[in-house]
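Below is one structure; the comments refer to it alone.
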């Protein structure tokens, strides 16, 4: 687990936008069957306890080697005085951007957005390990798999748990239910409802990436700047 200063912790996340939920107008409420799925995730920073069960489960289910990780939980410096201290935990992983720079720069088409789910993924048989996608990703969440020698990252367990009708490994493992996953194009889904009902933010939205990883901000420390 990474420990960093409050200033570095906040500045490293880039600019954020806070949003409050609003109801969709009647004309915008389309039948969910009219659209493909757009999977998204919410990380609740108030519920997360930094136990890293999500990281361990991801590593196990997706056979991620030691030394690399598809997701990280970053921990801030403590707020308050001992013994009444609290920590802020931040999930860092692929944002599954609707406008993904990694897809745009890939010379072989290995980096792609799955049309059925909106998940950003990698065709390992097409990847040549050029690392263009790693260089261009503003979230710094891609890496070269040390065994396959291809680009790798979180893919919401698309080829493991999701393929078997389960939730992503991190969601299933979280003991405090800090993660919510589902289809943003389904207005009845838990993730869609929560984005409308809770104050949420996404990181580096000013870059136009349209990330699909949302965060419910930590309420007990300093306000984000």
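Positions of Cβ are set from backbone N, Cα and C atoms, glycine also.
Binding site for [4Fe-4S] cluster 2 per Swiss-Prot: 154, 157, 170, plus 58 from the candidate set 48, 51, 58. Cross-referencing 127, 130, 137 with the [4Fe-4S] cluster 3 binding residues that Swiss-Prot gives (94, 97, 102) picks out 137. Distance between Cα atoms for residue 127 ([4Fe-4S] cluster 4 binding site) and residue 54 ([4Fe-4S] cluster 1 binding site): 27 Å, as a whole number. For residue 51 ([4Fe-4S] cluster 1 binding site), other Cβ atoms within 10 Å of its Cβ number 16. Residue 130 ([4Fe-4S] cluster 4 binding site) sits 14 Å from residue 137 ([4Fe-4S] cluster 3 binding site), taking the CA atoms of both as reference points. Other than the site residues 94, 97, 102, 137, same-chain residues with C-beta atoms no more than 8 angstroms from the centre of those residues' C-beta atoms, the [4Fe-4S] cluster 3 site, are 95, 96, 100, 101, 103, 120, 133, 138, 139, 141, 142, 153, 209.
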